[in-house]
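Colleague: Would you mind keeping the following structure in view while I ask a few things?
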């Protein structure tokens, strides 16, 4: 049994919980009473084996299971006390020792019930104190899960806030073009307004100067004329750019209005000044001149546009008529050349027919000549082939005759040799028959046994005599064969 305390002093300092100790002792007594009751029931029903064998088996089981049961009970008690108050009760240790002292009284119980009791306590121990490593792992996984959830919620909130914020205006190709165009229009309008304001203020200053000083009337008139000239140039520029930009047209109209207002102010200033009467009249005449020049320029432009339209119409008619005339001329030329070609074709067909007939006749005569030549060549080739075949046959017959003659000579020589051999064999047989005996081979006789039978010994000389007398080359003889014995 493992002890988690450093020394006895600290062990004695731990608190004692009487309630848990009483509950534990009651559970142990209840389990022991149930086991005794079950043991008595089974002992009455079962048939016992021999006494010594059962006693030995019971001792072995008690020795193995006793320590396990004590260890499990102590572990369960320690875990319960640590979970409730974090301390250990000394009485639980005493109860564990008391259970150890009470164990021998249960030696009559069968090993089966002891194993059941051990399994129950083991299951309770597994439930009561899980492994600390698993608890730590679970705790760490729970913390990781909480951190992950917090991080995910923060990221989701940031994404939602970004989605709710207004998106930036990205300058794509089309947007850049539109923005640049709008900026350009705004700049032109501002410039026109500034010019009109400057122009208007200049006119007012000229009129005031003309009204206050008679001597400065001429200078005011000159300033007014310069301003008018500048306004005329701006107005002509606006008229030329009227088709390109509507905003510039509006700006030019504002300029003209300011210009008229300036003229009115100049006339009033000229009327108030007595000495500047001539200068005022000049300024009025100069003010009327831009309108006349503007109207004249507009009329001139309209006249030029009208003339251009007429020229365009004339040019369009000429452009339409010129291709038609060219097409008519081309068609006429093609018709003329076509008629000439047809006439030439008709004349050429007649000449071609005559030439074709002459050519056909010449081809026929050539074909006849070639056919004759071919027939002659064929006859010559056939004659030459026949002569060659005859020569080949003659040579072949000669070679066959020579071979036959040679074969006949060889056959005659062979026949003569065979005849001589036969004569020799006959002579030998006659000699043997005249001076020896005959023996018929029976059973498994051989030349060695035959020599022993007739000569008394089977020496190689006697065997060789029999061979020579019968014309044998080896020792092979057969049943029923007649052998001459010399």
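Every residue, even glycine, has its Cβ placed from backbone N, Cα and C.
What you see is a predicted model, and the numbers here were worked out from it, not measured in a lab.
As annotated by Swiss-Prot, compositional bias 'Basic and acidic residues' applies to 1-40, 103-118, 126-149, 180-199, 247-259, 299-314, 361-398. Among the features that Swiss-Prot reports, compositional bias 'Polar residues' is placed at 150-166 (among others). Residues or ranges marked as compositional bias 'Low complexity' in Swiss-Prot: 204-225, 233-246, 278-297, 403-431. Look at Swiss-Prot and you will find 437-485 tagged as domain 'LysM'. Sequence annotations record features per position, and here Swiss-Prot assigns region 'Disordered' to 1-314, 351-440. What Swiss-Prot lists as region 'Elastin-binding' is 14-34, and the listing cites similarity to another entry. Per Swiss-Prot, the feature topological domain 'Extracellular' maps to 2-204, 341-486. If you look up Swiss-Prot, you'll see 226-319 marked as topological domain 'Cytoplasmic'. Taken from Swiss-Prot, the feature transmembrane segment applies to 205-225, 320-340.
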Colleague: Residues of the same chain, at least six outside the transmembrane segment (320-340), with any C-beta under 8 angstroms of its C-beta?
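Modeller: Sequence-remote neighbours of the transmembrane segment (320-340) do not exist; the answer is none.
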Colleague: Count up the helix, strand and coil residues in the region 'Disordered' (351-440) according to DSSP, in that order.
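Modeller: Split by secondary structure, the region 'Disordered' (351-440) comes out as 85 helix, 4 strand, 1 coil.
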Colleague: The topological domain 'Extracellular' (2-204): mean pLDDT?
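Modeller: Averaged over the topological domain 'Extracellular' (2-204), the predicted model reaches a pLDDT of 54.
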